[in-house]
Structures are given as C-alpha cells and as structure tokens.
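Annotation source TrEMBL lists active site, proton donor/acceptor at Asp294. Annotated Zn(2+) binding site per TrEMBL: Glu143, His211, His232, in sequence order. The substrate binding site annotation in TrEMBL covers Ala154, Asn235, Ala236, Arg243, His272, Leu328, Ser329, Gly330. Residues annotated as domain 'Amidohydrolase-related' in TrEMBL: 62-400.
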Amino acid sequence: MPSNKSVSDAPIVQFTNCRILRDHRLQREDLWVREGKILNPEKLFFDEKGSADVQLDCKGSIIAPGFIDVQINGGFGVDFSLATDDFKSGIDLVSQKILSHGVTSFCPTLVTSPPSVYHQVLPQISVRNGGAHGAGILGAHLEGPFISREKKGAHPEHCLRTFEAGAFQDLLNTYGSLESVRIVTLAPEMKRSSEVIQELTKRGVCVSLGHSVANLSQAEEAVQHGATFITHLFNAMLPFHHRDPGIVGLLTSDKIPAGRRVFYGMISDGIHTNPAALRIAHRAHPKGLVLVTDAIAGMGLAPGRHTLGQQVVEIDGLNTYIAGTKTLSGSVATMDMCVRHFQEATGCSVETALEAASLHPSQLLGIEHNKGTLNYDSDADFLMLNDRLYVQATYIAGQEVWRQDASGM
C-alpha cells in the first residue's frame, strides 16, 4: 500500500474537534493541511491512501478563513502616509501586530498626500506572502488625492488634485508607479474620471468610489466603466436622499452590468456608522458588505495626539478627530472588534459576520480561489475563534503565527 508520502514528503496536519466555515455555514468537519494548502481528505484517503502525521485537537473552536483588511492606514505608532527612512520596519511592525486581530492579509492604505510621499513610499511597499513575520501584503490602497473638496473628511485640502488634460497621465505622475497598487479611491464626479477608471481597471487595479458628492447616475456610470467598490459607505459622501440616493443607491441599483457585484466597505466600530445604518446597508445588499478598520497610527496606543498623513489627530476613547475639530479621521478599531460589533448590531449569523471580513474582501480583489475561504487547495490562512468571536490563534500557510497565551494576552 502506498504511504502518504506518495505525492509529497511534507507532513499532513489534521485539525480535529472543530467547526469549520465552508459553503457559508459552520460544519463539524476536520481540516487537513499540507504545504500551506487545504487538502481534500477524500483524495488523500482514496488516491494517496494517506493519513495525518500530526493531529491537533481544536477543543470545539470555530475555524474561519483569515481576515483581509483592505483599508488600514497604520497602527502601533506607524503611519503609512509618512515617508520615513525606516518605512519598511514600520510596515513590518504593523503586519506582525495585526496577526493578533486575525488579519492574515491587508492593503496598506495611504491617505491624500503630496506626490513626493507617494514617490518615496510606494517603491517600499511590495506584495508578499504572510508568515511568522506578519500578515501578507496584497498591494497598496491609495485613498485620494483625486477626491472632492466638499467631502475631503480628514484629507488635507492643499494636497487634493483634479484630472487635467492628461487625465490618466496626471494620476501616474502623482503616484509615480502603479506597480504595487491594488485599490484607488477617487470621486467619480470629477471630469475625465471615466477614462481614468477604465485605464486603472485595465491594469487590474480595483477602483473604489469615495470622498465624493456624486449623484447616483454618476456613480452608476463609474461602475459601468469598471469601478467595483465603495470606500467606507455613508462616510464622506452625500447622505441618502429619496429623490437621488447618490453613491448609496448603488446598493440597489438596476444599472449594474450583468455578472458584476458592487462591494462596499463599512467601518463597523460603533462610531462611524449608526447601527441602524449598518443594518439598512446589510439588509439591502448583504453579499457586498466588506468590513474595514480604516485604522490609523493610533490603533493599539494610548489616547492622545497622533498623525494621519499630513494631519494631527486626537484619540478620545474610540473616537478619532482631526485635532481641534469634530471631523472623524479614521478609527482605532481592530478587525476582530469590527466583526463582533457587526454581528451584534445586525443580528446576522456568525457565518455572515466572518465572511464579511474574509470571503467578501477576497472576492472584491479577485483572489477568492486562494484566500478568504477554506475550500480545498486554498491557502491555509485561517483562525481559531471561540463562540464569542474572539481570536484564539492565527495560522498562515498552515503554520501557527500567533496564539493567545494562558493569561489571555
């Protein structure tokens, strides 16, 4: 009889006594992992005649795909919008620390900045796999500077830009390169935005609509040209109005091209969006909801003054404001907090809450064949959680990269 080494010499790990999130429901099954991938046990048993080299008792835990944060500005004193000599060590620190929040992949996000900052910072962001060193980097999210002055939020007005005659070339000149860029947030009502959206989409960059005063028809036109995401729904856009619901109307628009889904980010921290608004969005378009933290450098630090790009911000509890104002500027929420708040505020199932932080962001970025699910042959990036959705351990490529210690830290 062939041994279980007939296909690979790598050890097979079997996670037992768990409920795994697969096909939108928690199932009492074991999880099998080899060489960083999730195995199909039927193939293992019947084709390879294999068995596990190591068995791990999960003691009844939930196993869910790792969380993916597509909008995070920094944390732990690190601000991704500041060009520093030790930028790489800063991004390494954040990627390491967010493992305890269940984040296994993320898009470092830069708020509106001068071109010199993009030219310095973007070459230092490279797409990479996660591991013991920290969460994987999926590419940068550039939020601005091609956004509306009226809805700039915490973005510095003197750095805002418009598309001039060059349109897409203006964008390239501003950023310097799109090599490591995954998402660009722009305001679709700006002149020449349609051609920019088409060019970005052609290059595999996800276009998100945000910081905008666009009406619904402008938003629909942007989607028809390739936009697929809405940056922090309800925040920094026209409020819903029954005669013209603006960007919010995309959630129930009948003008979305066939086969296309519009996703929308929500900062589910109990501060940025009233729980009733969270419920309205979720009930209107549940399969498009993507939880984001929009976390700033002050996440994980004591209250006080911190930075967000060119601005000074003040943290007061879970509130973060531009210093001296009541303008919200990012959050200090962690992704696991957002998942728990979303579940509590909407009364949705545990499965739905977990998928909003894993499956949906992976679908948005077109990486659902590798990440965001526990399907066979997917990357073995997953979490162990208790029934209250607190993270107990984080795994990347089948290796434990973080575990809560006995003291609960």
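The count begins at 1 with the first shown residue.
Placement of Cβ uses the backbone N, Cα and C atoms for every residue, glycine included.
All annotation found in TrEMBL is predicted automatically rather than curated by experts.
Contacts of His211 (Zn(2+) binding site) defined by a Cβ separation under 8 A and a same-chain sequence distance of 6+ are given as Glu143, Gly144, Ile147, Ser148, Lys151, Lys152, Gly153, His155, Thr185, Ala187, Thr231, Ala236, Met237, in order along the sequence.
A gap of 22 Å separates the Cα atoms of Arg243 (substrate binding site) and His232 (Zn(2+) binding site). In this structure the C-alpha atoms belonging to Asp294 (active site, proton donor/acceptor) and Gly330 (substrate binding site) are separated by 5 Å. When the Cα atoms are compared, Ser329 (substrate binding site) and His232 (Zn(2+) binding site) turn out to be 12 Å apart. What surrounds the Zn(2+) site, by Cβ distance within 8 Å of the Cβ centroid and not counting Glu143, His211, His232, is the set Gln71, Gly144, Ile147, Gly153, His155, Thr185, Ser208, Gly210, Thr231, Asn235, Ala236 from the same chain.
Distance from the CA of His232 (Zn(2+) binding site) to the CA of Leu328 (substrate binding site) is 12 Å. Other C-beta atoms found within 10 angstroms of the C-beta of Glu143 (Zn(2+) binding site) number 28, with every protein chain shown included. Sequence-distant neighbours of Asn235 (substrate binding site) (same chain, six or more apart, CB under 8 Å from its CB) are Gly153, Ile267, His272, Thr273, Leu328, listed in sequence order. The number of other Cβ atoms within 10 Å of the Cβ belonging to Arg243 (substrate binding site), over all protein chains shown, comes to 6. Highest local Cβ density among the binding-site residues Ala236, Leu328 belongs to Ala236, counted as other Cβ atoms within 10 Å over all protein chains shown. For the pair Ala154 (substrate binding site) and His232 (Zn(2+) binding site), the C-alpha distance works out to 13 angstrom.
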